[in-house]
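Enquirer: Got a structure here, written out as structure tokens. Questions coming.
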């Protein structure tokens, strides 16, 4: 497969791997755009370049010589080739594009994992997370800033229990990822809706009235987010 054929294949896989249903679902956060460039292969493959590498990583390639770029791409292709047969399949390419666009999530999980797996057993229990996150504030129930950390802890515990599929209050890395980024997991959608309702429903009557909705929109800067 020559370079142009590879880029054409990449373009098709980009469109397929990242397509989504058109209906909007729950409001949580912004998905990062694949690229701010025009997706027109007749002009260039810059959009696919961003999708393949991730927009931030693609910027570093702009600083490389053609030889350096080719060498680094060769290393990336070896990572994409999951079965190590010397060929990149369409499925392998789709999986890589998905990974490249979600890299920030994996990096966030890795960073937080190191700070919460206190006994370094490859798992994070609720007690570990609670102590690492709230230990100081539990010792001082009336912090100077007046923030209700106990209320936040209750909310975190509820989300942790939902992410913890086997109910042992000990999270694997996959469960911990669902806890930190519930918008990425179908089985966490109910907690996303519940937390969103609680954020908007200021009088806690179980309904969102027009005033609450407008107030939330103003606070969010008019940002209707979706999963």
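Each Cβ is built from the backbone N, Cα and C atoms, and glycine gets one as well.
Any TrEMBL annotation is an automated prediction that lacks curation.
Annotation source TrEMBL lists domain 'EF-hand' at 68-103, 104-139, 151-186, 188-223. Under the heading signal peptide, TrEMBL lists 1-19.
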Enquirer: Other than its close neighbours in sequence, what residues sit by the domain 'EF-hand' (104-139), given a CB gap under 8 Å and a spacing of at least six beyond its ends?
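Expert: Tertiary neighbours of the domain 'EF-hand' (104-139) are 32, 149-150, 152-153, 156-157, 160-161, 164, 169-173, 176-177, 180-181, 184.
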Enquirer: Looking at the domain 'EF-hand' (68-103) alone, can you tell me the average pLDDT?
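Expert: A mean pLDDT of 83 is what the model gives the domain 'EF-hand' (68-103).
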